[in-house]
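Here is what TrEMBL records for this protein:
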type	residues	note
BINDING	Lys46, Gly53, Arg54, Gly55, Glu99, Val102, Glu107	ATP binding site
BINDING	Asn199, Asp213	Mg(2+) binding site
BINDING	Asn264	substrate binding site
DOMAIN	9-261	domain 'ATP-grasp'
Amino acid sequence: MDIHEYQAKEILNKFGVAIPDGALAYSPEQAAYRARELGGSKWIVKAQVHAGGRGKAGGVKICESEHEIQDATNEMFGRRLVTHQTGPEGKGIYRIYVEAAVPFEREIYLGFVLDRSSQRVMIVASSEGGMEIEEISAKKPESIVRSTVEPAVGLRDFQAREIAFALGIPSELTQQMVRTLQGCYRAFTELDATMVEINPLVITSDRRILALDAKMTFDGNALFRHPHIAELRDKSQEDPRESRAADRGLSYIGLSGNIGCIVNGAGLAMATMDTIKLAGGEPANFLDIGGGATPERVAKAFRLVNSDENVQAILVNIFAGINRCDWVAEGVVQALQANPVDVPVVVRLAGTNVEEGLKILAKSGLPIIRATSLMEAAERAVSAWKNDLSQNTRMRIVK
Ligand code: ADP
Ligand code: MG
């Protein structure tokens, strides 16, 4: 789960990371008022969206009067900000963070990620902050410092000092840098984060180390341990299809194709998507309805997949191991009878009680397209979609 910059800053600040003064606003008037409260004569207004690259996309603006703040934020509020990380649909701007503009001398990149190969938290840092890490690794790979943390002992001061040294932090600031690194590491581990990124971390003109940007991502499976973090979820920043699925306990990732997938098991869902592509189609989603595909879950999955306007055919691929095909087939039939869908539906069942399952589908009288192998199922879904397009009509599944 992602959170906003201002939320990440507040959290990291509690762990000892220094940040500029700032305040949140929900309207241009409030933004101007916040600036007055903060004092000073230069402010940065920052669109709060769950994506980076805001600066280049017009989501971060420097303002020198309350008037400028009103104008700049008026432009931003309610708009969708498109950055290279958001996709073409962008993310809605409903909150703006007003921050004191801080003169700085140097920008540093600092990231904490989970390194799967070493199974440890890895600190990635670079003296070339301000650019995205991808750009740094393309243009200045030699500037990147990597260091993994031994979990049994945690991040020790000497290791943090080594990182500060490798980044060329002036010696009088080493202690502040160590405090910043320690704070991020503690926040990362204590809050079950999967990513903490500060870009840029700056050395200010008055010799302080400050986080001018902050990003945190949390492990969704650990949120039950951190209710105060779970509360920070902002549905306005999520793909509405994904938030609906999450609310219904389904693992769903929306994609841009037009063949909807309903599959049990994440591995099988991945294989199904691959096979659809191999057959010349594009999956509209990843959807794992879980091992125990009850009729209710199947019905929820149908409603979810069918609510996606791009979906022009639905492929149900179920492998019944512990589950039973006849039971799943009942679920499919019940779901389609209760909620008719207006696109062709291809069903492939395999595993326990497959014969009974197929009989139930056949007996239902529903125009379900059946398939035996995964490849056949994918090909049928693709050709159902193509025929559908050429005739410009949709096969209706009715009661
Ligand atoms: P993003 O990474 O989404 O583009 P940032 O928060 O990193 O957004 O802001 C973009 C740039 O704006 C930063 O790299 C920094 O140069 C500048 N900036 C951001 N906040 C401040 C601030 N409080 N004072 C001065 N400059 C800032
Ligand atoms: Mg940034």
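Even glycines carry a Cβ here, placed using N, Cα and C.
Sequence features annotated in TrEMBL and their locations in the structure.
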residue	record	Cβ contacts under 8 Å, 6 or more apart
Lys46	ATP binding site	Glu5, Arg54, Gly59, Val60, Ile96, Tyr97, Val98, Glu99
Gly53	ATP binding site	Thr83, His84, Gln85, Glu132
Gly55	ATP binding site	none
Val102	ATP binding site	Pro20, Val202, Thr204, Leu210, Leu212
Glu107	ATP binding site	Glu128, Gly129, Gly130, Asn199, Pro200, Leu201, Val202, Leu212
Asp213	Mg(2+) binding site	Glu5, Gly52, Glu197, Ile198, Asn199, Pro200
*Which binding-site residues out of Gly53, Val102, Glu107, Asn199, Asp213, Asn264 lie by ligand 2, going by a Cβ under 6 Å?*
Asn199, Asp213
_Say we define neighbours as other CB atoms within 10 Å of the CB. Which of the binding-site residues Asn199, Asn264 has the fewest?_
Asn199
*Around Arg54 (ATP binding site), how many other C-beta atoms are within 10 angstroms of its C-beta?*
23
